[in-house]
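Only one structure is covered here, and it is reproduced in the block below.
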Amino acid sequence: MEEALASLVQAILSGLAIGCLYTLIALGYNLTYVVNGTVNMGQGQLVMIGAMLMVTFTTFLDLPFFIALILVGLILGILGILLEVISVRKFVQDKTSVNWVLSTLAVGIILQDLALFIWGPEETRLVSPVGEGMFEFLGAGIYWKELMMIPAVGVFLLLLMLFYLKSHWGLWLRATADNKVATNLNGVNSNYTVAIAFGLSALLAGLAGGLITPIYAVFASMGLSLGLKAIAVAIVAGLNNAKGIVICGLGLGIVEVLVAMYISPGFREMIVYIVVILILFIKPNGLFGTKETIKV
Amino acid sequence: MLKCSELFANYGSVAALKGISIEVQSGEIVAVIGSNGAGKTTLINSILGFVKPHKGTVIFEGQDITNIPAHKTTNLGISVVPEAREVFYSLTVKENLRMGLKKEIGKVKQQELEDRLVHLFDTFPRLKERINQQAGTLSGGEQQMLVISRALISNPKLLLLDEPSLGLAPIIVNEIFEIIKTLKKEGITIVLVEQIANKALSVADKAYVIENGKIVMSGSASELKENKDIAKAYLGV
């Protein structure tokens, strides 16, 4: 009995840890979706670039883990802005166009091939900044390197929330999400704020990629499955609902670990995606999403 | 202060302005009167830079702003109350007003913002009660007051009012024209686009009548008020 409880606690904690990363990536979709109805289909590849840069910065340049992480975030932020200018802006001028789906996907594939060329196909894994020790709790053991995701992501999300709700940049982003015409009529270039949203989105992907390095194998094609899982989280939660995305991101992490533990690791993704389809079948706008109303 | 010369512009693929020239002196209220589809909003949008005129120029304070986009012209001291109001529904009243600070938003200190809000609440007392409410929950009249306040909070040199009476109850329309009179006393320069000619002429110094993208009449407001043709076409007499 106690053993069962211990393994349940352990599953939930390590589920939360990986769920934090899904949340971080999935919020990136939310940030851009609300400002112009698009998402970066290459978000997963940005996570991969973040992870690769992290490995390079910490092992070749010997930078401390968290300094490297911030640097990775900033670089990815700039990359995100470029990505918006190159592969989104021109492709959404016609509201019915879905060319941005292909163009952002294409950028993702290009980045993946570039990564393969630069870093090669080998898998690497970083030594954790908090070592390989275990945290013992109610008889359960969880690696510190997994557990540290929770406070790290918590701090990032708190900062993001403060930025979004308190700074005038955040106000500009929310204004753009609400009404682009009004934003321009109030002296703020909405092209500019949309680019900032993509920058922030990529910054989150970069942070997730950096954080994942001690617990996940890093390789050039790691991005696709992470990107897909995160977009599943965002869609199931409702792309326009950030709180819902946090709940679903954490939920996905826990469900995955539980399925792997109690059913079979091989069924993990299959069961997750069956649940995704079921939820969307019943609630087309996602669990927490609201239908966009036409403004009059 | 503002001079539009021989403006030609399209609304979609339709020619909406066919050579419009208007001049606005500092401190004046200039009314632009015309029926639906006459080209009034296209004129406002051309001044703002939302529509690119294919011929003609817009000069504001000696600067050619013809091809400058809206997000820049609105930082030159021009504010607009758009026809469609363009309220930020999901933002609070206060956040809507802060958006009105435009690029200055980072420079205006907390105290300065409070002072400007207090000044606005003299004219728009109802906004004070609703300051932390979502703008989408306001009534139509309150939303219009909010948009006018948002346009004023940056202390603009020129205010463009695009049919501020549209879709509002008569009592609110009267209130809005009272407010325009107050603004006139404060010395703010206004371009007022209206369908309700008698209302517009009652506050304006000068007026232009446009029809089918052309100016068909212009003169001082008092002159035009006496004019029989205007009375027939726009005053419903």
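From the backbone N, Cα and C atoms, a Cβ is placed for every residue, glycine too.
As given in TrEMBL:
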TRANSMEM  A:12-32  transmembrane segment
TRANSMEM  A:44-61  transmembrane segment
TRANSMEM  A:67-86  transmembrane segment
TRANSMEM  A:98-119  transmembrane segment
TRANSMEM  A:147-165  transmembrane segment
TRANSMEM  A:192-212  transmembrane segment
TRANSMEM  A:218-237  transmembrane segment
TRANSMEM  A:244-264  transmembrane segment
TRANSMEM  A:270-288  transmembrane segment
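Counting Cβ pairs closer than 8 Å and at least 6 residues apart in sequence, the transmembrane segment (A:12-32) and the transmembrane segment (A:98-119) reach fewer than three and form no contact.
With a cut-off of 8 Å on Cβ pairs spaced 6 or more residues apart, the transmembrane segment (A:147-165) and the transmembrane segment (A:192-212) reach 3 or more such pairs and are scored as touching. Sequence-distant contacts of the transmembrane segment (A:44-61), counting only residues of its own chain at least 6 positions beyond either end whose CB sits under 8 Å from a CB of the stretch, comprise 25, 68-69, 71-73, 75-76, 79-80, 107-109, 111-112, 115, 118-119, 124, 126, 202, 205-210, 212-213, 216, 218, 220-228, 230. A:270-288 is the stretch from A:67-86, A:98-119, A:270-288 with the greatest number of Cβ pairs below 8 Å to the transmembrane segment (A:244-264). Between the transmembrane segment (A:67-86) and the stretches A:98-119, A:218-237, A:270-288, the greatest number of Cβ pairs separated by less than 8 Å involves A:98-119.
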